[in-house]
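A.B. asks: For reference, the structure I am asking about is given below.
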């Protein structure tokens, strides 16, 4: 995902991982020590109330890295109480200057940058993504996100309003309160930053549940939050499982807002829980089946490489992956041939190796699910052009896979696979492809490749998606909002828009003896 990766353009992958590109990347420790595996509440580390733990697994080997405290409802209750206490009127956090909140966020970014090599290695160990990507892409964007929101801390404010009569009226942007945040496993550090940045910049307090597959880096950042000087209770982090810890956050009567990134299926559950409890505010960044439209006048070399990047980046584990590649019929055969050749050349292997482009899938569940989709694609008549099998004798590695002759009604064209499986579909006209691209329950992202500005403008307006890229893919910046249409979610993250979900707007109107202009 992401701008830091996309700016390397066609050099991404093995060209990004060339000797010249990796000179600035420190050598990783392939067995980084785990320092934080408990529950973080009130700037202190705790075992779970139940004393239960769960294993976190290295997806490259299937071996257990360590045991992690398994948070449950009782632990969430403790975390919410700590957060609520930190949010009381007159508390150090509530009385803190907004500019000081910004300095704390900048300090946190500085500490993450100090420990960047360690965090990148730990992310690769726990998640499986290539270390070079962890270091150059994920950590780079974490730092930019936190520093961007640090700058907003004392600049997001209300305004005076000239209402009629002898009155003075103004608005205040006040923090929502206790914010439950549930982050996914595909970008653990980055999604943590996307959630923490706007919440803390606007003065909220946080109870965060980290994904059970990848808890280690987000927990280590908790240590840095304390070191940065955030008061106790402002950020609390609970590792655990969705049906227990996650559900406890979503249904908690003293949580004022919940932000979730993950599957549409779980997003539905969270929205129902929020509504049936205290009607807490909800923002959801959910699944996608994003159309990537290649017009016949597109730059072929660029379009092939970007379509490859759009699907295969992060082992295909991106909510906004370009997972429906629509190619105009007069260039279809050449595009397919080149895409297959590119997929066959993709380097799959040890994610700590600087030559590796693709590591393992995050866990056995995802591994089996993706292989199941590949089998379904073959059974339903899609043409398997390359890959389709297991890529290693241990770990959760899958061969880069390309299907051609994919039809809109096939399962692999409708459902989110979340793996290294490219589906290429043929179209004739621009009107046809708009209808087919929009014929989806999802609407997270889309892309268009063309040299014709009129076509680009028409398609970018016609496509039902929260983000449309033109002649590029996966270009992100902390300044630009991201979120979905339809069943891809509600609300926006990043940019100034990302602050709106974390504030209440209060109107204050004062009677004055006489109003003058």
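In case you wondered, yes, glycine gets a Cβ from its N, Cα and C as well.
The feature active site, proton acceptor is assigned by Swiss-Prot to 285, with sequence analysis given as support. Summarising the annotation, Swiss-Prot assigns active site, nucleophile to 319 and lists sequence analysis as the type of evidence. For 52, 73, 78, 159, 368, 383, 426, 428, 451, the entry in Swiss-Prot reads N6-acetyllysine, with the evidence type similarity to another entry. Under the heading motif 'SIFI-degron', Swiss-Prot lists 9-24. Per Swiss-Prot, the feature transit peptide maps to 1-17; the stated evidence is similarity to another entry.
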A.B. asks: I'd like to confirm something. Which of the modified residues, 383, 428, 451, has a Cα closest to the Cα of residue 159 (N6-acetyllysine)?
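C.D. replies: Nearest in space to residue 159 (N6-acetyllysine), counting only the modified residues, is 451.
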A.B. asks: Quick check: in three-state DSSP terms, what is residue 428 (N6-acetyllysine)?
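C.D. replies: Where residue 428 (N6-acetyllysine) sits, the three-state DSSP reduction gives coil.
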A.B. asks: Out of 285, 426, 451, give those recorded positions positioned within 10 angstroms of residue 52 (N6-acetyllysine), comparing C-alpha atoms, in sequence order.
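C.D. replies: Checking Cα-Cα distances against residue 52 (N6-acetyllysine), none of the recorded positions falls within 10 Å.
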A.B. asks: Looking at the recorded positions 78, 319, 368, 428, which has the shortest Cα distance to the residue listed as 'active site, proton acceptor'?
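C.D. replies: That would be 319, the closest of 78, 319, 368, 428 to the residue listed as 'active site, proton acceptor'.
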A.B. asks: Mean pLDDT across the motif 'SIFI-degron' (9-24), rounded to an integer, is what?
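C.D. replies: Averaged over the motif 'SIFI-degron' (9-24), per-residue pLDDT gives 50.
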A.B. asks: May I ask for the distance between residue 78 (N6-acetyllysine) and residue 383 (N6-acetyllysine), taken between their Cα atoms and rounded to an integer number of Å?
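C.D. replies: On Cα coordinates alone, these residues lie 53 Å apart.
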A.B. asks: Taking each of the modified residues 78, 383, 426 in turn and counting other Cβ atoms within 10 Å of its Cβ, which one has the fewest?
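C.D. replies: Counting other Cβ atoms within 10 Å of each of the modified residues 78, 383, 426 gives the minimum at 383.
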A.B. asks: Please state whether DSSP places residue 159 (N6-acetyllysine) in a helix, a strand or coil.
C.D. replies: coil
A.B. asks: Which three-state DSSP class does residue 78 (N6-acetyllysine) fall into?
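C.D. replies: DSSP call for residue 78 (N6-acetyllysine): helix.
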A.B. asks: Taking 10 A as the limit, how many CB atoms besides its own sit near the CB of residue 52 (N6-acetyllysine)?
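C.D. replies: The answer is 14.
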